[in-house]
């Protein structure tokens, strides 16, 4: 028997930081038919609050370190300010939203990243998605809105990459649903020519992916994203879509659809 | 048929602000048998974050005004930092907690307080508790943890008194459950003599309440609290308990139990 469809939509900081973009996106999300989950990433909001509080962003080799103070700011800004305002706005759009971290209903547990060359601090790598618990919310017609925070099960919240949360939640929910991911980002999709924003590759399957890799057409920044996509597809996710938020409408087909 | 029991426990800022007190309380709460809801109030944490962010507390006639900036801080500190850390700690104690504002699952809607003599700003007076939606969480064996934030249904979060949230949630849930409120505070209970912390009145019913009022025994600060209690009892709540957190254990009976 065919499983019911479930869409997992991820938005990044560029949308969250701009009130008009966020409001426009939330309308698109509210109009998206069927059962759905929203995941929102970080953005510069936390950095600006941290800097006002006199907490400096710590970087090692260009990567951000989450010390205890930074984790507090992330919990305040993403878990509180951004998440709860988004929930209130979705309620006004008749979406019965519920804002979550991975600690809520133990939905996403993770493991503090082991210290090797770099100590990333309070950063968590996802260990387990409680798909049955999340499904209780979905079955009650609630729409989960996840921020990029998980927990270790011992009382410690952990900062976690929002793209990873998205793919792991989608993989977990694939036990119960036909899942599609929508990664909303700045570009129109995967581009053949990075300098031509209209050179969208509309469909990538395993075969084309190998060819694009061989031809060296996939740009550096896109490589890990696509690797993660095919990993999720190999673990049960049906379709992954990458493009700007207008891909959520029926009218626009100018985005990249990725399948096995 | 007798309804199932539901406990609604409220803690204030004095417990939240002290890590050891909070941790001790959460253990008591975790051990409390049966279905339960936690409501946490504010405290000085938001004031200290606001002051670090350069936002001044605005008071009119000794009452705090919630302007837009203050509401942001409250949403960050109570909706994010305090609520989500409490949820993570409860998960470590095997309580399947879920942190909520009134916007989540539209659980508590309120109305921005009308401007009369004073404009209190973004303060909400509770209008409706969605007891059936909250019950979906309870039926799924989740334990709701409410912070003192509600919403107006039009996308606006509103700062709301935690005692009021407690009594309104208890009244709403009385449709479905035999509800008991536990107001945890600094005192051991309602005191006959404000200077003697051991002069706890162990049981107050309507008759004794009238007598105490006539005799002028109830101190000023306690008057509105008790009025609210009897209002909640008249609207379906079975029992209200007032005392320090140890009243949650079976061993201590040195607190005030209030019934009709």
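Every residue gets a Cβ built from N, Cα and C, even glycine.
Among the features that TrEMBL reports, substrate binding site is placed at A:42, A:43, A:64, A:159. Here TrEMBL flags A:6-238 as domain 'Aspartate/glutamate/uridylate kinase'. Positions annotated as site 'Transition state stabilizer' by TrEMBL: A:10, A:225.
In this structure, residue A:10 (site 'Transition state stabilizer') is part of a beta strand by DSSP.
Just so you know, the Cβ of residue A:225 (site 'Transition state stabilizer') picks up 17 other Cβ atoms within 10 Å once every protein chain is counted. The substrate site is set by A:42, A:43, A:64, A:159; from the centre of their CB atoms, other residues of the chain with a CB within 8 Å are A:13, A:41, A:46, A:47, A:74, A:78, A:148.
In this structure, residue A:64 (substrate binding site) is part of a beta strand by DSSP. In this view, the densest Cβ surroundings among the recorded positions A:10, A:64 belong to A:10, judged by other Cβ atoms lying within 10 Å. In sequence order, A:13, A:74, A:78, A:148, A:162 make up the list of same-chain residues 6 or more apart from residue A:42 (substrate binding site) whose Cβ falls under 8 Å from its Cβ. Across all of the domain 'Aspartate/glutamate/uridylate kinase' (A:6-238), the predicted model scores a mean pLDDT of 94. DSSP assigns residue A:42 (substrate binding site) to coil in the three-state reduction, placing it in neither a helix nor a strand. With respect to residue A:225 (site 'Transition state stabilizer'), the closest of these recorded positions in Cα terms is A:10, chosen from A:10, A:43, A:64, A:159. It is 13 Å from the Cα atom of residue A:10 (site 'Transition state stabilizer') to that of residue A:43 (substrate binding site). Of the residues the record lists as binding substrate, namely A:42, A:43, A:64, A:159, the two whose Cα atoms sit farthest apart are 13 Å from each other.
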